[in-house]
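Working notes for the structure below.
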Amino acid sequence: MHRSAGPDDGGPSDTIPTVPLDPPHPNGYRASWPRRAVLGWAILSGGLGVAGLVTGTALFARAADPLPVALNWYPIAVAAAAALTALTDRGAATGRAVRRCYAVCCGLSVVTAFGLLMDVITLAVAQRVDSAPAAVAHAVGMVGVAVLGAAARSGARVGPVGAEPPLPVRLAAYAGAAAFLPYAVMKTVWALGGTFAGISGARMLAIASRNGASGLWLTLESYGLDATALLAALGVLLLFALVRPWGRVFPRWVPLLRGRRVPRLVLLVPALLGTATLAPYGVVGVADLTLATAGVVPVARGELPTAADALLVSWIGLGAFAAYGVSLAVAARWYWRRTR
């Protein structure tokens, strides 16, 4: 009886051999997604700026006070530069020059996104924002930071990343966490009714009430809990999550989720938001404080009794924001590379 040759006697096998899939075509959808995403964002951001110019609506504000409408040309210019870069993008064939242009546009978009974290905090605690048009512009700017940052990294080679963060990354995280300790102490002293830098907790509570603080904010203060100190504690938790194993896999003490992988965006989104807001705010603020301390520029006392008190409070606050923002950027970069 005739038997077809099988794999045991050197003949052909009945199994179908596995054929490796061809890589995506350089001009295919997967290779061109950065260009599509950047073009879409540029249309959105540029259109928002043009709409503001036409209607006379300022997209930039200092607290509740709108800045000149002419500043709306800034996001329009950034959107135009990003769109021109995207039009020269050739997918997988894109070189370093295009990626660098994406990176520059990403950095420029940080300026527009600046203030978004403050909008989120104000909305969560006071159920309002200082300026709705500015808040929308901040959100669109943050989308630009994410899209342009991803486009700048697409196609770039990433070297090997260790299972655990190197010592400089860990030290940066510890420094960022430690920088918030004086800030938390200062805020807690006021929340408990004590006096710091010549101003009492009762006076700070009256100022908050006069400035329109929400009932939630005032209730927390009445129990000795400062909302910004609580947010600082959450920020430190985020910083440690980026550099510790439990930021990649849920630990045993988390019910229902223990042992599961942590979705990377759960940490990367707030990290990006904090970095784009706190780092420039703190660094620029520290530079201004340095000039004020040296007597080059005047010191804004606000509600504080003396210029020395104002400098003390400002150094504690802005120093914490600067150190934390930079540390968060370092930790988030390592986490992004480790989990991609």
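In case you wondered, yes, glycine gets a Cβ from its N, Cα and C as well.
Per TrEMBL, the features are as follows:
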- 1-27: region 'Disordered' (REGION)
- 38-61: transmembrane segment (TRANSMEM)
- 73-89: transmembrane segment (TRANSMEM)
- 101-126: transmembrane segment (TRANSMEM)
- 132-151: transmembrane segment (TRANSMEM)
- 223-244: transmembrane segment (TRANSMEM)
- 265-292: transmembrane segment (TRANSMEM)
- 312-336: transmembrane segment (TRANSMEM)
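Beyond its flanks by at least six residues, the transmembrane segment (132-151) meets 34-35, 37-38, 41, 44-45, 48, 52, 57-61, 66, 75, 78-79, 82, 86, 89, 99, 102-103, 105-106, 109-116, 119, 123, 272-273, 276 of its own chain at Cβ-Cβ distances under 8 Å. Most Cβ pairs under 8 Å to the transmembrane segment (223-244), among the stretches 38-61, 101-126, 312-336, belong to 312-336.
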